[in-house]
Amino acid sequence: MLSTRFAPNILVTGTPGCGKTSTCELLQRRLKDANYYNISDFAQQHECYDGYDEARKSHIVDEDRLLDELEPLMRKGGAIVDWHVNDIFPERLIDLVVVLRTDNTVLYDRLKSRGYHEAKIQENIDAEIMGVVIQDAQDSYEKEIVVELQSDTADQMDENVDRIASWSAAWLEQNPKGVTNELVERGSDEEDGTDEEGGSYGNSASSGEDGEDA
Ligand SMILES: Nc1ncnc2c1ncn2[C@@H]1O[C@H](COP(=O)(O)OP(=O)(O)OP(=O)(O)O)[C@@H](O)[C@H]1O
Ligand SMILES: [Mg+2]
């Protein structure tokens, strides 16, 4: 069944410790009707697990099951999705991908103060240096919707929340008739003129990896 969303879905991603959850919690207060999904919690609440990774001491998320649970909620629009994995969500359901970035030494201190052991800290620092998360986002979504924001300080976090909130307001203004949740083939007849959304080619395949530590 064809359906439309009337508020944007925003994915907030980045290496563990970069400030996704802190940013999303502020953002949620600014975007009145938004629904916030912290995927680590969501997967647990909906039992979207497929075993346990002993080496990483973390549950392995069953991505198919996760999407089965999440997709109907995302189709309503106004979702803020918080996860370090970003390449599994259907492209047609995502309006903005925010990739938070953090300076290595700042990130080190944050992860250390969480009590992470050295190998886990190093794995995450390496991922941040190599830009694993931004690369995944750029490989999975149109570049126009991927934004990279620095998140080293509280002031930067406030600025980032301001920017995302302004972007959301602009989206609402530009899309008074909403955007489609369906796969639209580029170049096919456009019935409803929602061409800001453009054609979406849907779900980029998951790499099948669990991503880095959570
Ligand atoms: N921009 C920032 N300035 C100062 N402190 C920050 C900033 N962003 C996050 N922090 C702090 O860093 C810690 C980690 O932040 P947070 O839990 O939001 O990260 P996360 O990306 O959600 O991590 P995870 O992927 O493990 O859930 C928290 O103590 C938070 O207060
Ligand atoms: Mg978090």
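Every residue, even glycine, has its Cβ placed from backbone N, Cα and C.
TrEMBL: automatically predicted annotations, no manual curation.
Record note: among 38-61, 134-157, 38-61 is the stretch given as region 'NMPbind' by TrEMBL. Just one of Arg92, Arg114 is listed by TrEMBL for the same ATP site as Gly17, Gly19, Lys20, Thr21, Ser22, and that one is Arg114. In this structure, the binding-site residues that sit close to ligand 1, with a C-beta under 6 angstroms from any of its atoms, are Lys20, Thr21, Ser22, chosen from Lys20, Thr21, Ser22, Arg114. Close to ligand 2, meaning a Cβ under 6 Å from one of its atoms, are these of the binding-site residues Gly17, Lys20, Thr21: Lys20, Thr21.
Residues near Arg114 (ATP binding site) in space but far in sequence (CB under 8 A, at least 6 apart, same chain), listed by position: Gly17. Its Cβ placed at the centre, Thr21 (ATP binding site) has 15 other Cβ atoms within 10 Å.
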